[in-house]
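As recorded in TrEMBL:
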type: ACT_SITE; residues: CYS267; note: active site, nucleophile
type: BINDING; residues: THR84, THR122, LYS270, ARG333; note: NAD(+) binding site
type: BINDING; residues: LYS211, PHE256, MET257, ARG258, SER259, GLY260, GLY264, LYS326; note: substrate binding site
type: DOMAIN; residues: 319-423; note: domain 'UDP-glucose/GDP-mannose dehydrogenase C-terminal'
Amino acid sequence: MNVSIVGSGYVGTTIAACLADLGHDVTNVEIDQDVVDTINAGEAPIHEAGLAERIAENAGERLRATTDYGAVRDSDLTFLCLPTPQHDDGSLDLTAMRAASESLGAALAEKDGDHLVVVKSTVLPGTTEDVVGPIVSKASGRPVGEGLELAMNPEFLRMGTAVEDFLEPEKVVVGATDSAAADTLRELYAPMRERGADFVETGVREAELIKYANNAFLASKVSLVNELGNVAKAYGVDAYEVLDAVGLDNRISEQFMRSGLGWGGSCFPKDVNALRAGAREQGYDPELLDAVVRVNDGQPRRLVDLLSNHVDLEGARIAVLGLSFKPGTDDVRKSRALEVIDSLLERGATVVGYDPVATENLQSTYPAYADRDGLEYAASAAEALEGADGAVVATDWPEFDDLTGALERMTTRVLVDGRRIDVSEADLEVYEGLTW
Ligand SMILES: NC(=O)c1ccc[n+]([C@@H]2O[C@H](COP(=O)([O-])OP(=O)(O)OC[C@H]3O[C@@H](n4cnc5c(N)ncnc54)[C@H](O)[C@@H]3O)[C@@H](O)[C@H]2O)c1
Ligand SMILES: O=c1ccn([C@@H]2O[C@H](COP(=O)(O)OP(=O)(O)O[C@H]3O[C@H](CO)[C@@H](O)[C@H](O)[C@H]3O)[C@@H](O)[C@H]2O)c(=O)[nH]1
């Protein structure tokens, strides 16, 4: 198929490279010229396993990028992979969705033949049919059902394993305004279905809500696990032993059972907040989701409190290992490491941050962390731990499982593990490990 993809960030770039790799002809339409140039040069604009080689293989052949919306006219369908951030009050910000829908509609006004617009961004129920549809329709002069069809196809990929998740999902959810549109997507996702993915056809609004329900469920699970971890700590009981046993119950499962610093990233925080704001707008008070956020917000402070019980933070040198919001990515959006750093600096510590890939991205995304009194960066975990009075593991990068040799460089060997890393036996003998 000829596929255009508007928005070439984490989702748009990943699915473009994967669809091109599966044999489709793919064009990314993106407003950021640097991203366009990077893709056309055969390079990946973001760090994701398996992405760079797929872009290198397909760029200039089945994959290209452009800032020109006119390119959508050569495609049969367009995926909208635009950012859907939150306003200050937590509600859903559709600015980019509206702008892109307008540009897409204007381009489609000059296209011959039918077109399918597929919303992949995470949006609240009603957005596809009541916001995107009318804007594209008006700008293109095509009513929905007459040369224009809509579909909502939420994406469940995780950062760090984006390529693998897109190519081998457990489910593909599609809500479409027309059965032929759903069939087009059924065909596009044939390789995923062959690998065992369930193809779930729903209403358009149901597809929109499934995405929020999925993320709300996972974020709530982590907050519950953190609450149980905090209770375990209060009793002086080993939280990990407790949660490991609880996870053996199939109804609960062992996944998303790691207590610690809590959830961050570009999805859970904004999606849970959008759902809370949306529910309130509909007249429902989502008390449980409010508590889920409150528990999560408290975890970085609890971690720093725990460290301060063992190290006088005023004037201390503290290593923060890991800056990205999770391993396998350079994404630092809403990373819990940043709150740990803020809290340590406020309490008078000098902080030495280290991350295998995210330091540069952190400094360009949030310039406040590039040049800040009391904040330094190291080129390795060993360098960060040199002369440190304490350390925090803020991201579960696998390399932190084995800090043999590096821990000996600390002045005081106190390490708070905020991520339940798999510490080697040898390391356990050389430091005082603190966990939830
Ligand atoms: N990142 C994830 O892991 C993930 C997973 C599933 C779903 N989602 C959802 O997918 C959507 C996209 O997320 P993302 O992480 O890829 O966002 P992103 O911020 O990484 O990328 C969005 C891209 O859209 C571009 N853009 C903005 N306005 C544009 C316009 N008018 N025309 C063309 N391009 C424009 C931006 O320059 C940027 O490159 C969001 O709704 C998000 O919630 C994200
Ligand atoms: O047991 C756990 C599991 C996760 N986390 C944290 O939870 C956050 C989110 O982790 P994860 O879900 O692995 O990462 P994301 O890439 O944000 O993926 C989520 O958000 C995406 C965007 O909506 C969805 O597509 C994915 O299905 C959904 O898992 C991270 O800060 C993790 O450190 C924990 O604290 N404990």
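Along the chain as shown, the residues are counted starting at 1.
A Cβ is built for glycine as well, from the same backbone N, Cα and C atoms used for every other residue.
TrEMBL entries are annotated by machine, without manual review.
Closeness to ligand 2 is met by GLY264, CYS267, LYS326, these being the recorded positions among THR84, LYS211, SER259, GLY264, CYS267, LYS326 whose Cβ falls under 6 Å from the molecule.
When the Cα atoms are compared, MET257 (substrate binding site) and THR122 (NAD(+) binding site) turn out to be 25 Å apart. Less than 6 Å separates the Cβ from ligand 1 in the case of THR84, THR122, drawn from the binding-site residues THR84, THR122, PHE256, ARG258, GLY264, LYS270 in sequence order. The residues near the NAD(+) site, meaning same-chain residues not in THR84, THR122, LYS270, ARG333 whose C-beta sits within 8 angstroms of the mean position of the site's C-beta atoms, are PRO83, PRO85, GLN86, SER266, CYS267, PRO269, ASP271, ALA274, in sequence order. Geometry remark: CYS267 (active site, nucleophile) versus LYS211 (substrate binding site), CA distance 11 Å.
For the pair formed by LYS270 (NAD(+) binding site) and GLY264 (substrate binding site), distance between Cα atoms is given as 9 Å, rounded to the nearest Å.
Reduced to three states, the DSSP call for LYS270 (NAD(+) binding site) is helix.
Listed in sequence order, the residues of the same chain lying 6 or more apart from THR122 (NAD(+) binding site) and placing their CB within less than 8 Å of its CB are THR84, PRO154, GLU155, LYS211, TYR212, ASN215, CYS267, ASP271, ALA274. Residue counts for the domain 'UDP-glucose/GDP-mannose dehydrogenase C-terminal' (319-423) under DSSP, helix first, then strand, then coil, are 33 helix, 19 strand, 53 coil. When the binding-site residues THR84, SER259 are compared by the number of other C-beta atoms lying within 10 angstroms of their own C-beta, THR84 comes out lowest. Each of the binding-site residues LYS211, ARG333 was scored by the number of other CB atoms within 10 A of its CB, and the lowest score belongs to ARG333. The recorded positions examined here are MET257, CYS267; by Cβ neighbour count within 10 Å, the least packed of them is MET257.
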